[in-house]
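Novice: One structure follows; several queries about it will come next.
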Amino acid sequence: MKFPGSVLASVFLFVAETTAALYLSSTYRSGGDGMWQALTLLFSLLPSALVQLTLLFVHRDFSRDRPLVLLLHLLQLGPLFRCFEVFCIYCQSNHIEEPYVSITKKRQMPKNGLSEEIEKEVGQAEGKLFTHRSAFSRASVIQAFLGSAPQLTLQLYITALQQDVTIGRCLFMVLSLLSIVYGALRCNILAIKIKYDEYDVKVKPLAYVCIFLWRSFEIATRVIVLVLFTSVLKTWVVVDILLNFLSFLFYPWILFWCSGSPFPENIEKALSRVGTTIVLCFLTLLYAGINMFCWSAVQLKINNPDLISKSQNWYQLLVYYMLRFIENAFLLLMWYLYKTDIYMYVCAPLLILQLLIGYCTAILFMIVFYQFFHPCKKLFSSSVSESFQEWLKCACCDCRRRKSSESAEKTDLRSSADREETPSSSKISSMPSQILNADELFSA
């Protein structure tokens, strides 16, 4: 049985970030910064409450008679209790032999074009640990993108305005960045396991390292770009954030309404239609929050029973990163044009170059992961490089067709112009002969 290290990492980041937020908010209060204190507490307590609800929802404790568990979650101590419960199950599983087991069937990764189906015995303790890991993975994603990401943006913005970095704020920003990167990593792993549920997926350590570097560069550059733009154009950043957020928020619903599919009823048996609507709205909210800062690795599909699209669409990935790169470059250009005196000692062209190179580095690590370290790359119909080559070929073919059509139009215009010129020249050449004939008549 695997050691529940992911649960321990999630609880550590949750406790450390909450403690750092409470300490930093107390320093803001002592310094007379009431607005910074309120925003710091908001971005800490709101995701904490959502994490408690997520753990209760996954374990279905709302319909069970467990008042102590509900009280601990109400006191925001649910993750600590769940972590203690996980390690109790893990320690007892090595000493108690379970009389009842369930058998699961998984397919292995294909070798030489063949894929074998294997059977595995799963005991009750291992099944409970699997539920706990799944619950904490989802809680880490919620904490990362609905709490840590806006928290990191806020603290970096305060640092840019005050031109001062305290030890507490620096530690808090490091913890927030680690929480976001870890949440993005769990989002990638969850997407892989949901898409390839029938396969026995094993993620190698190099894949984790590649995902960690990819997400670190992507998220760090994105947050810095947003903070720089916010520091000089506070009004326009609201427009940019609302445009991004609302686009990703309504995109799954627009696809659902255009498909004409019936409203999904099989998300959870215990949920009513209103409860299902609330869950779907929360999922789209989380989906928009993730795509605000990085690629979500999944495409939300409301008319699908699994709520995500299991097809690998490389073109959506390409379009997302192209548009995000153009947006970051535009925001940096606006910052360069309207930067204030607080950036007097900053080499602006060098900073812009570093941020753009950092984002390109993130894209490079992403390509390396999908090309070499993805655990299910053998199941891809086409790799990233092949899809990119096909896209380039299509783009080149379109350019050639446009050039050929333009050249054909030019030749047609020239030929028509020549046709118009030839009759006029014949008329001019006939005029002297007519004049000569008249002279001959007069002379005669």
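Here, residue 1 is simply the first one shown, and the rest follow in order.
Heads up, the Cβ atoms here are built off N, Cα and C, so glycines get one too.
Pasting the feature list from TrEMBL:
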type: TRANSMEM; residues: 36-58; note: transmembrane segment
type: TRANSMEM; residues: 166-185; note: transmembrane segment
type: TRANSMEM; residues: 206-229; note: transmembrane segment
type: TRANSMEM; residues: 235-258; note: transmembrane segment
type: TRANSMEM; residues: 270-298; note: transmembrane segment
type: TRANSMEM; residues: 318-338; note: transmembrane segment
type: TRANSMEM; residues: 350-373; note: transmembrane segment
type: REGION; residues: 403-444; note: region 'Disordered'
type: COMPBIAS; residues: 404-422; note: compositional bias 'Basic and acidic residues'
type: COMPBIAS; residues: 424-433; note: compositional bias 'Low complexity'
Novice: Between 36-58, 235-258, 270-298, 318-338, 350-373, who has the most Cβ pairs under 8 Å to the transmembrane segment (206-229)?
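Specialist: Answer, by Cβ pair count: 350-373.
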Novice: By Cβ distance under 8 Å, which residues at least 6 away from the ends of the transmembrane segment (350-373) in the same chain are close to it?
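Specialist: The answer is 204, 206-207, 210-211, 213-218, 220-222, 224-225, 295, 321, 324-325, 328-329, 332-333, 336, 383-385.
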Novice: Could you pull out which residues elsewhere in the chain have a CB under 8 Å from any CB of the transmembrane segment (270-298), counting only those six or more residues past its ends?
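Specialist: Sequence-remote neighbours of the transmembrane segment (270-298) are 60, 63, 141-142, 145-146, 149, 180, 184, 187-188, 190-191, 194-195, 215, 218-219, 222-223, 241, 244-246, 248-250, 252-253, 263-264, 307-309, 317, 320-321, 366.
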